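Data first, discussion second: the structure below is written as C-alpha cells.
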Amino acid sequence: MRNINTYDWMKKWMTRSISILVMIHMITRTSISNAYPIFAQQGYENPREATGRIVCANCHLAKKPVNIEVPQSVLPDTVFEAVVQIPCDMQIKQVLANGKKGALNVGAVLILPEGFELAPPDRISPEIKEKIGNLYFQNYRPNQKEILVIGPVPGQKYSEIVFPILSPNPATNKEVHFLKYPIYVGGNRGRGQIYPDGSKSNNTVYNASTTGRVSKILRKEKGGYEITIDNASDGRQVVDIVPPGPELLISEGEFIKVDQPLTNNPNVGGFGQGDAEIVLQDPLRVQGLLLLLASVILAQIFLVLKKKQFEKVQLAEMNF
C-alpha cells in the first residue's frame with residue numbers, strides 16, 4: 001500500500017514538473033519572439049541617428065528596398081493611411097535561431113512629425129481596420145507617440161503594412177503649424193546578423209580567427225561545428241565555434257588564412273529606409289482656394305455670355 005502511494009506521488013510530481021517546464025518554455029519563447037523591436041528600443045533613445053541613419057541597420061547589415069506611401073496633404077484632426085511596403089520573396093526561407101529553415105518575418109519603424117500619432121481605435125474606419133488586420137503597433141517610447149514600431153510579423157501576410165495615423169490640430173496644439181513635414185521609415189525582412197551586444201547571430205558568415213591547417217571538424221549533437229585549427233606560426237590549436245545554420249565551406253586538412261570564410265552567408269533578408277513628405281493643410285486655405293476657383297469659373301462664364309451678347313449685337317447691326 002505504501003509503495004502504491006509513493007508511486008502515485010511520484011507520478012503527480014512528474015506531471016506537475018512537466019507542466020511547469022512547458023509553461024516556462026512557452027513564456028520564454030513568446031518573450032523572445034516578441035523581443036526583436038525591443039532590441040533597438042533598449043539600446044537607443046532615438047531610432048534615427050543625427051546622420052539620418054536608422055539604427056536597425058546596425059544589426060541588419062544587408063540592404064534591401066522599402067517604400068512608403070502617404071497622402072500629399074491632410075487636414076487637421078483626420079485619420080489617414082501610411083502604407084509601408086517591404087518587398088520580399090515568399091519562396092525564400094531564412095535560417096531560424098535553432099538552425100532550421102523557416103518563413104521570412106518583417107518589421108518596420110515609422111518616425112512621424114511632432115504631433116502626429118497612432119489613431120485611436122474609435123477613430124479608425126472599418127475599411128482601414130480591414131487593411132490593418134491583426135497587427136499590433138506600439139510606441140518606441142511611452143512618451144514618444146510619434147515613433148511607431150511593428151514586428152516581427154509574417155512576411156507572407158504583411159509585406160504591406162498599413163499604419164493608421166491621426167494628424168494634429170494646430171488649434172489645440174500650439175507646437176504644431178500648417179507646414180510641410182518629413183516622414184521617415186525603416187523596414188526589414190528576416191533576422192539580423194548582429195545582436196545589440198555586438199555578438200553574431202547564426203544568420204551571418206563565420207570567418208577563421210587564425211591562419212593554419214584545419215586538423216579537426218566536430219559536428220555538435222545539437223547542430224553547429226567545432227573547428228580545430230593548428231596555428232601556422234606557433235603550432236597551438238585554436239577552436240572556432242560555428243552555430244547551427246550556416247553551411248561549412250572548408251574541410252579537414254585544408255590550409256586556411258585568417259578571416260577566410262568558414263561558412264556561407266545564410267542571410268536572405270535585409271534592411272532599408274526611406275522617407276516621404278506630407279503637408280498639414282489649413283482648412284481656411286482650402287476654402288480660399290475653392291472660392292478662388294469658383295470665382296474664376298464664374299468669370300469665365302460671364303465672359304462667354306458677354307462675348308455671345310456682343311456677337312448678337314454685331315450681327316443685328318450688320319443685318320440693319
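Placed from the backbone N, Cα and C atoms, the Cβ positions cover glycine too.
Sequence annotations record features per position, and here Swiss-Prot assigns heme binding site to Tyr36, Cys56, Cys59, His60. For the recorded site, Cys56 (heme binding site), the DSSP three-state label reads helix. Less than 8 angstroms from the CB of Cys56 (heme binding site) sit Ala40, Pro47, Val109, Gly186, Asn188, Phe271, Gln273, each of them six or more residues away in the same chain.
For 1-35, the entry in Swiss-Prot reads signal peptide, with the evidence type sequence analysis.
Remote same-chain partners of the transmembrane segment (286-306), defined as residues 6 or more beyond its termini with a Cβ less than 8 Å from a stretch Cβ, comprise 75. The transmembrane segment feature in Swiss-Prot is assigned to 286-306; the stated evidence is sequence analysis.
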Long-range Cβ environment of His60 (heme binding site), under 8 Å and at least 6 residues apart: Asn188, Gly190, Gly192, Gln193, Gly269, Gly270, Phe271
